[in-house]
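**Student:** Take a look at this one; I'll ask things after.
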């Protein structure tokens, strides 16, 4: 995939509603969704925060993700557009209305206080932050910043670019590797494959750890700033 294709994909996606919005044709009911999500708790936990398993499969945080995004992933798994052997049996248990309801339920859960969305200058001495916020535009790499699509501080943008902040590192790594190896294809225009195939293992680990720990690091910075103001 060429740099031209990546740039073109970025432009198309930022101006389009995309298929994710089409995945939720039915209005979801969060109360019904809570009941239907009973089978999800074992992996994604009662609070929807999932679990990071360094030595095995990590289960993603669902709390606070856009309902349309959650619904699209469930439909894609159910219909074979996204490979997930562990999720397939559970997705197959849900009909279209239940998918809409479960998506509405998890979307309403709040995982943490809202993070600041204002632009901040990336620290060139912090390789992970620089890669996530500015990318790597060196000749032969041409890696766009994660924030170009997923927003400042990994807050997510719309229904097609989910929040990354606070997502489990193991899950982020597994998905970037799946895109890089051509095992995942359910993102619009295969944009993520074009990005992931340019990342090496070390960069994938840096990005995953950066976003997984971002909420607590921002909170710590806020606490430190308050302490300085109080002195």
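Glycine is no exception: its Cβ is also placed from the backbone N, Cα and C atoms.
Bear in mind that the values here come from a model prediction, so they are computed numbers and not experimental data.
What TrEMBL lists as signal peptide is 1-25. The feature domain 'Cytochrome c' is assigned by TrEMBL to 28-110, 130-215. For 40, 43, 44, 87, the entry in TrEMBL reads heme c 1 binding site. As annotated by TrEMBL, heme c 2 binding site applies to 146, 149, 150, 192.
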**Student:** For the domain 'Cytochrome c' (28-110), give the DSSP counts of helix residues, strand residues and coil residues.
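**Tutor:** The breakdown for the domain 'Cytochrome c' (28-110) reads 45 helix, 3 strand, 35 coil.
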**Student:** Could you pull the average pLDDT for the domain 'Cytochrome c' (130-215)?
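**Tutor:** For the domain 'Cytochrome c' (130-215), the model's average pLDDT rounds to 94.
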**Student:** Which are the residues of the chain, 146, 149, 150, 192 excluded, whose CB is within 8 A of where the CB atoms of the heme c 2 site average out, their centroid?
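**Tutor:** After dropping the recorded site residues, what remains is 144, 147, 148, 161, 164, 195.
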**Student:** Which whole-number value in Å describes the distance between the Cα atoms of residue 146 (heme c 2 binding site) and residue 44 (heme c 1 binding site)?
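**Tutor:** Taking the Cα atoms only, residue 146 (heme c 2 binding site) lies 25 Å from residue 44 (heme c 1 binding site).
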**Student:** Taking helix as H, G and I and strand as E and B in DSSP, count the residues of the domain 'Cytochrome c' (130-215) in helix, strand and coil.
**Tutor:** 47 helix, 5 strand, 34 coil
**Student:** Please work out the number of neighbouring Cβ atoms within 10 Å of the Cβ of residue 40 (heme c 1 binding site), leaving out its own Cβ.
**Tutor:** 21
**Student:** Using the alpha carbons only, what distance in Å do you get between residue 44 (heme c 1 binding site) and residue 150 (heme c 2 binding site) once rounded?
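**Tutor:** Counting only the Cα atoms, the answer is 22 Å.
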**Student:** Tell me, in order along the sequence, which binding-site residues from 40, 43, 87 have their CA within 10 Å of residue 150 (heme c 2 binding site).
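**Tutor:** Candidates kept after distance check: none.
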**Student:** Rounded to the nearest Å, what's the C-alpha distance separating residue 192 (heme c 2 binding site) and residue 87 (heme c 1 binding site)? Just drop the number here, would you?
**Tutor:** 21
**Student:** Would you mind reading off the Cα separation of residue 40 (heme c 1 binding site) from residue 149 (heme c 2 binding site), to the nearest angstrom?
**Tutor:** 28
